[in-house]
Amino acid sequence: MDFVKELKSSQDYMNNELTYGAHNYDPIPVVLKRGKGVFVYDIEDRRYYDFLSAYSSVNQGHCHPDILNAMINQAKKLTICSRAFFSDSLGVCERYLTNLFGYDKVLMMNTGAEASETAYKLCRKWGYEVKKIPENSAKIIVCNNNFSGRTLGCVSASTDKKCKNNFGPFVPNFLKVPYDDLEALEKELQDPNVCAFIVEPVQGEAGVIVPSDSYFPGVASLCKKYNVLFVADEVQTGLGRTGKLLCTHHYGVKPDVILLGKALSGGHYPISAILANDDVMLVLKPGEHGSTYGGNPLAAAICVEALKVLINEKLCENADKLGAPFLQNLKEQLKDSKVVREVRGKGLLCAIEFKNDLVNVWDICLKFKENGLITRSVHDKTVRLTPPLCITKEQLDECTEIIVKTVKFFDDNL
């Protein structure tokens, strides 16, 4: 490891990563070395507001001391034993999760993509064993422009050509419908071989697309009418991001299955969870699904503490309190911008859509960085604004100034 001493500048570190790592990402040119709360710091110790939050993984803020201590304390005792044995941590975590979210059972996995893959299997099995769909005929409805990961099942469910190009053949029997379109959904639900509808309460990777208030009550009603599982992918929208513990709580509905991930560990460890009641979850029998790392003692301890921080520090309430004024303030200050098409969001899951014929969002992200705020674009026209939920009003006001200043720079240089 003597070569580490040769790495001095940000460019050295970037060149090192590009030389020895696969080129499956195109990072913003900043080399981060530490984080605390809403801030991250590069190797030259420049400070930035983090407005990506690792795609909403650090809702609790970077390196939260309580979560970190829970992680260290458990790591000193037992990190993994596999599900071949019971542990003294997993059952505690499972009980905490099911009580908190109001479901009978939880299945612990590691990543959001694994949660989605688990849901595909769970829903298909329920379809065959409970709904009595003919063998190998089960179908799952998803929405256009959804995003649930980059595993083969997830890209099979996707409509993103970049995710699918040269990765076929794909998993069959995913039906695609427009988002926020109950008429199109009902048309597909009439197929008796449909077992599930999997949907994001807000479409994040599509550009933070917020549905109409009537959409999810309509979804719940239609799924019940046609005996189809309503599955909410809350991996990004859940755990306070939109101002509620679950985004579906805004709409007064309870999905049959909930998918969670990202902030389930506060950014300290990969943890995901699938929640459902017994009539759904118990179709899975021993040996039919699992993961070596899923539900390990270290993950269980971290998960419980991350959720306690979310609840005890009232981070959901903070996102709810700050989100709407932040959004309204941005809309008001950017209403005359020549490069902004729309400002939208829910809670602290926000975005600005730019006119990509006038401005390049990559350049906007670079200017944000220069001005002390880092985030990332969604495709070629939208920039996410998703700070940790521990952000204060004063900090958010300062960030609003940075955002407006950055947009004004591009307005003035058209």
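A Cβ is built for glycine as well, from the same backbone N, Cα and C atoms used for every other residue.
In Swiss-Prot this protein carries:
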- CYS154-CYS163: disulfide bond (DISULFID)
- LYS262: N6-(pyridoxal phosphate)lysine (MOD_RES)
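A count of other CB atoms within 10 A of each Cβ picks out CYS154 as the most crowded of the disulfide-bonded residues CYS154, CYS163. When Cβ atoms from all protein chains are considered, those within 10 Å of LYS262 (N6-(pyridoxal phosphate)lysine) total 27, not counting its own. Residue pair CYS163 (disulfide bond) / the residue listed as 'N6-(pyridoxal phosphate)lysine' shows a Cα separation of 21 Å.
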